[in-house]
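Data block below; observations after.
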């Protein structure tokens with residue numbers, strides 16, 4: 001049975017090659033975790049509204065590309081003047097120039113022999129996207145979009161930077177205009193984005209940050225999103241998010257004197273941690289958690305004095321855990 005399934009896969013269904021001035025794509029359910037290849041395309045709009053195993057993109061010029069969640073790596077080679085929205089486990093470019101990428105990447109993105117690269121935080125929504133993230137084994141909270149590693153730095157030059165803070169996704173990768181692809185119910189409204197929009201490595205507005213940690217349970221994702229909405233609604237900024245498993249000794253290091261309260265909760269699964277920034281972030285976060293999550297155990301930094309240490313302790317542990 002498995003063998004007959006292998007015979008049915010036609011590579012042509014998983015390749016866009018040699019296209020010019022075209023809009024092409026794959027609807028949700030059409031790629032279903034297979035590998036995909038995009039090569040030698042020019043002036044094209046390409047949309048993969050599904051999850052895939054890996055994607056390679058070679059020799060593309062002046063294309064607009066949306067790639068739904070990729071379980072493994074996406075590799076751009078010899079591409080130039082492309083604008084992309086990408087969610088993946090690993091992101092790499094080689095010999096590229098002028099790529100502008102709204103990125104969600106679980107590990108540190110790597111560029112090599114590439115110049116004029118610009119990065120922003122992935123923001124996108126369509127109804128099937130959340131499940132596609134799950135199917136690709138990606139967490140919406142693990143996004144190191146701005147933590148770029150340049151494999152081939154040139155002294156005195158910067159091969160990459162960040163997109164303007166007010167950059168709008170649809171100005172870079174417009175919504176598809178073809179009849180077939182219009183069926184996907186897309187929203188590029190930042191408030192609806194499946195990935196929480198984080199500041200990443202951008203300058204923080206305040207020297208006060210606050211750490212909030214949710215423990216595994218049925219509503220962890222919904223609770224974390226709710227706190228993000230409440231806090232950003234009050235003008236605080238979400239700097240970074242992380243979903244990671246913790247052991248008792250990690251909890252001791254991060255939660256210090258309140259560790260014993262939280263250690264029993266770690267067995268249920270990974271925690272989701274959020275860093276908020278802004279004057280009054282600690283107090284704002286404490287009062288929001290008390291008002292909104294009465295009865296749910298949440299770790300929140302105790303004071304402005306301990307908060308930055310909390311943030312450092314957590315992210316140092318999490319980065320080590322994820323091999324960053």
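Note: Cβ is positioned from N, Cα and C throughout, glycine not excepted.
Curation does not apply to TrEMBL; its annotations are automatic.
As the structure is a computational prediction, the values presented were derived from the model and not from experiment.
The domain 'C-CAP/cofactor C-like' annotation in TrEMBL covers 1-153. Per TrEMBL, GTP binding site is recorded for 72, 73, 89, 90, 91, 92.
Sequence features annotated in TrEMBL and their locations in the structure.
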| residue | record | Cβ neighbours (10 Å) |
| --- | --- | --- |
| 72 | GTP binding site | 15 |
| 73 | GTP binding site | 17 |
| 89 | GTP binding site | 19 |
| 90 | GTP binding site | 17 |
| 91 | GTP binding site | 27 |
| 92 | GTP binding site | 20 |
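Excluding 72, 73, 89, 90, 91, 92 themselves, the residues of that chain whose CB lies within 8 A of the CB mean position for the GTP site are, in sequence, 54, 70, 74, 75, 88, 105, 107.
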